[in-house]
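Chemist: Summarising the annotation, TrEMBL assigns compositional bias 'Low complexity' to 261-274. Taken from TrEMBL, the feature compositional bias 'Polar residues' covers 553-564. Under the heading region 'Disordered', TrEMBL lists 249-288, 546-577. Among the features that TrEMBL reports, transmembrane segment is placed at 41-62, 74-95, 126-149, 161-188, 221-240, 323-340, 360-379, 400-426, 446-469, 489-510.
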Amino acid sequence: MSPTTPTSQSSCSSILRNQYQKVTSGFSSLSNSPPELWKAYLLKFLDSYAYFSFSLVFTLFLSNEFGMNDIQAGTIYGAWGALITIFGLFTGTVIDNLGVATCLRIGFVLSFVTRLTLFLCTSRTVLLACTLVALPLGNCLGIPVLTVGIRRYTNEENRGFAFGLFYVVMNIGALVAGPLVDILTIYYNGGETEDVQDSSNDDEFEAEIVPSTWVMTTNRAIILSGVVANFFAVGVAFSVREIKVDASTKTQPPSDSAVVGTGNNNLSSSNSNDGSDDEGDGFPETATSNRSKIHAVKSFQPLTGSSFQILSETVRTPNFRRFLLVCLLTLNVRMVFRHLDGTLPKYMIREFGADTPKGLVYSINPALIIILVPIITAATTRVPPLVMIHYGTYVSAMSVFFLAFSTSVTACILFVITLSVGEALWSPRLYDFTMSVAQEGREGTYMALSSAPLFLAKLPVGFLSGVLLSRYCPEHLEEGEARHSKTMWWIIGLSTIVSPIMITVLWDYISSGDRGKSGDSGGIATRISTGERVLRDDDDIYFPNEEEDVEDSYQNRPLTTNISLPRVRGQEQHTLT
């Protein structure tokens, strides 16, 4: 045995213990959080499951139940995502005006009614009304609102870990969705309605009732499971209060029995000082034991204003142009996640058979994200967000080329694994980047704008997916014909690699705000979601500011990890697509 082996093993063990301690300390830092934080996590899980299960079978649902060809199904899939963006640009200001609690109630009620209608409908007209109007509106009132809620329900010390856990919860929802799709596919195999005629060669889109009767199928069963998830989400949403954690109080260690806050200000309200909980913290002044176990909170008054005023203020904010450019530059690489939802399922069924484990392969992504995000973000907490975005997008973009070189289930698995590693590197830091530039009270507008590239990608990707599938991977082959799926993935791969290359080309401009400018002009990366940081000119590494003593922080409060929220892959919610 090499004499260096014990030292290496000791070093590795020390690193693992350190990372484990950071993660457990992160959970400890959330132990005193208000109930709204845990309700937000529950809502995120329910919403993520409903979203990802529907997204995975959406194009199949359009083709199997409503007789649409690949281009028609892909275009509607793309329009659904694009309309979430369009509605989101307007509802972002609505969120800022109405507040988190009200928007959650409206959004989840609307989503529940819409999903129930989709489950029952047989008319293309009703289908289009649901998927192009009601469902996008419900989605855009859920995706950014929960993210804003996480910010309101945490403080600077635990916010980074809270966002990371928020993202993990989203992926747990996606992880549950994948295997369930396979289970229901096997259970209902052969149960699709025979009355729907194959229209893969039809050029006309007829808005008429296609199936002669309603039949329970795999796709409808999956949608029904989303309806059930939405039903429970509605109940939870109506229990959420419009509050925020009082930033003037400090987090106490879990073992400290002292009351959080000082004097009579621990449970302050912006509207009153009488200790009532009409719309504030919900904890009476006499409940000292409760106050000692929970962060001090106060009611939050939304920062109201006209849509034009809010948007104009946002556009004039310093660094907004760089922020918007980064969102646009990641557009192409984000398209890969749309192909994961919209192209890969049909590709696998046509190349490997109807019973191929498409859901299981899909679930590799959320499973790896759950494991990798805490580890990678803990290990790279001092690396600027833009650096992680830069290199992570290269990894995600390269994943497509496994399918360009090989038509096999193994290639599909390698594609999803590599895509997931890249996502774990860059996607969490993109939302870290986004929330750090957002003004309090204007988070809804920023989240709407930052989500725009993700969902805007769906329109061209949906249409492109349909065109590529019909041309290179058609469902039916004439005698002597062959599929050319590798060509399809080459086209997708070459269009995706544009994102990281353009980030490299424009790096000097987009990273200019991270180079040690003083004060608020220091750039987005100088204010991350876990609290104020400064970026030193000589080494580009984050260090605590002068008001925070490192040794004291380790001794007197839980050590938290900068794990932040990445994509709503559709959300998701997913950040997520």
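Sequential numbering from 1, following the chain as shown.
Note: Cβ is positioned from N, Cα and C throughout, glycine not excepted.
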Chemist: Quick one: do the transmembrane segment (221-240) and the transmembrane segment (74-95) have at least 3 Cβ pairs under 8 Å, skipping pairs fewer than 6 apart in sequence?
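Modeler: Output no: the transmembrane segment (221-240) is apart from the transmembrane segment (74-95).
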Chemist: Could you tell me what the rest of the chain brings near the transmembrane segment (360-379), counting residues at least six beyond its ends with Cβ under 8 Å?
Modeler: 19, 22-23, 52, 56, 164, 167-168, 171-175, 177-179, 181-182, 340, 344-345, 348, 409, 412-413, 416-417, 419-421, 423-425, 428-429, 561-564, 566
Chemist: Return the stretch with the most CB pairs under 8 A relative to the transmembrane segment (489-510), choosing among 41-62, 161-188, 323-340, 400-426.
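Modeler: Ranked by Cβ pairs under 8 Å, first place goes to 323-340.
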Chemist: How about the transmembrane segment (161-188) with the transmembrane segment (323-340) - do they touch, taking at least 3 C-beta pairs under 8 Å (6 or more apart in sequence) as contact?
Modeler: no
